[in-house]
Amino acid sequence: ARFEITNRCTYTVWAASVPVGGGVQLNPGQSWSVDVPAGTKGARVWARTGCNFDGSGRGGCQTGDCGGVLDCKAYGAPPNTLAEYGLNGFNNLDFFDISLVDGFNVPMDFSPTSNGCTRGISCTADINGQCPSELKTQGGCNNPCTVFKTDQYCCNSGSCGPTDYSRFFKQRCPDAYSYPKDDPPSTFTCNGGTDYRVVFCP
C-alpha cells in the first residue's frame, strides 16, 4: 500500500512513520510517499513539531519525539495526533483510525485514496487552543492518562468509561478515538490493497 503524507500546515513538521518509513522533514506543501508491505500491523503516522536535528539526524522534538532521532524506529512521545493502521487483517481488511489516546499536536486527515473506499477520518478542531489548562503542554494538548496516570483515564485494568476529558476530545473530533476503550465506530475499514493519504493541517 502506498501512503502519501502531506504537510499543509503553515509551519514545518517532521513526519514519522513506524514500523515502515522512519521520518523526514516536511516543509509547508511538501509530501512524502511511503510504500508499506501487505500485512503490516501496529503502524502509526504522526507529525513532530519544534524539532532540531544535526547532520547525523540526532536531536529532538517538542512534540512526538521518537528517542531523539530524525529516522523514527519507535513510537513518538505524547502529545501526538496519531494515524493508526493495520493492513490485510481479519477478512483481508485494512483497519485504520485517528487516535487522541496520546493527545493532540497537529490537525490531521486520514483517508483512503483507491479501491473504491471513500470514507476518511479527520480531526481538525482547534484542540490546542481550547485545551483544558491541566492538559496543556508546549505545542499540544495531552491526554489525561499522560498527565494523571490513573486507571480511570488509562484503562489499565481493561474496563473504563468516558470522562469529562475524553468528552472534550470526542466533541471536537467525533471520528477519533478519545480514550482506550472508545466505541468501535472510531475504527474504519477498507479492503486490503487500498492506498491512503495522511494530511497534516488539512
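Every residue gets a Cβ built from N, Cα and C, even glycine.
Long-range C-beta contacts of Cys9 (disulfide bond), restricted to its own chain and to partners at least six residues apart, with a cutoff below 8 Å, comprise Pro28, Ala47, Val106, Phe200, Cys201. Under the heading disulfide bond, Swiss-Prot lists Cys9-Cys201 (among others).
Taken from Swiss-Prot, the feature disulfide bond covers Cys51-Cys61 (among others), and the record attributes it to sequence analysis. Its Cβ placed at the centre, Cys61 (disulfide bond) has 26 other Cβ atoms within 10 Å.
If you look up Swiss-Prot, you'll see Cys66-Cys72 (among others) marked as disulfide bond, on the strength of sequence analysis. Under the three-state DSSP scheme, Cys66 (disulfide bond) falls in the coil class. In sequence order, Ala16, Val18, Gly23, Arg48, Cys72, Lys73, Ala74, Tyr75, Gly76, Ala77 make up the list of same-chain residues 6 or more apart from Cys66 (disulfide bond) whose Cβ falls under 8 Å from its Cβ.
Its Cβ placed at the centre, Cys190 (disulfide bond) has 24 other Cβ atoms within 10 Å. Among the features that Swiss-Prot reports, disulfide bond is placed at Cys117-Cys190 (among others), with the record citing sequence analysis.
Annotation comment: Swiss-Prot describes Cys123-Cys173 (among others) as disulfide bond. Here the Cβ of Cys173 (disulfide bond) has 24 other Cβ atoms within 10 Å, regardless of which shown protein chain they belong to. DSSP assigns Cys173 (disulfide bond) to coil in the three-state reduction, placing it in neither a helix nor a strand.
Residues or ranges marked as disulfide bond by Swiss-Prot: Cys131-Cys141 (among others). In the structure as shown, the Cβ atom of Cys141 (disulfide bond) sits within 10 Å of 26 other Cβ atoms.
Swiss-Prot lists Cys145-Cys154 (among others) with the feature disulfide bond, giving sequence analysis as the kind of evidence. The Cβ of Cys154 (disulfide bond) lies under 8 Å from the Cβ of Cys145, Cys160, Pro180, each on the same chain and at least six residues away in sequence.
The disulfide bond annotation in Swiss-Prot covers Cys155-Cys160 (among others) and rests on sequence analysis. Packing around Cys160 (disulfide bond) is summarised by its Cβ count: 18 other Cβ atoms lie within 10 angstroms of its Cβ, all protein chains included.
Between the CA atoms of Cys173 (disulfide bond) and Cys141 (disulfide bond) there is a gap of 13 Å, rounded to the nearest whole number. The Cα of Cys51 (disulfide bond) lies closest to that of Cys141, out of the disulfide-bonded residues Cys117, Cys123, Cys141, Cys155. Contacts of Cys123 (disulfide bond) defined by a Cβ separation under 8 A and a same-chain sequence distance of 6+ are given as Thr81, Ile98, Leu100, Phe104, Pro107, Met108, Asp109, Arg172, Cys173, Asp175, Ala176, in order along the sequence. Note on the disulfide-bonded residues Cys117, Cys131, Cys145, Cys155: the fewest other CB atoms within 10 A surround the CB of Cys155.
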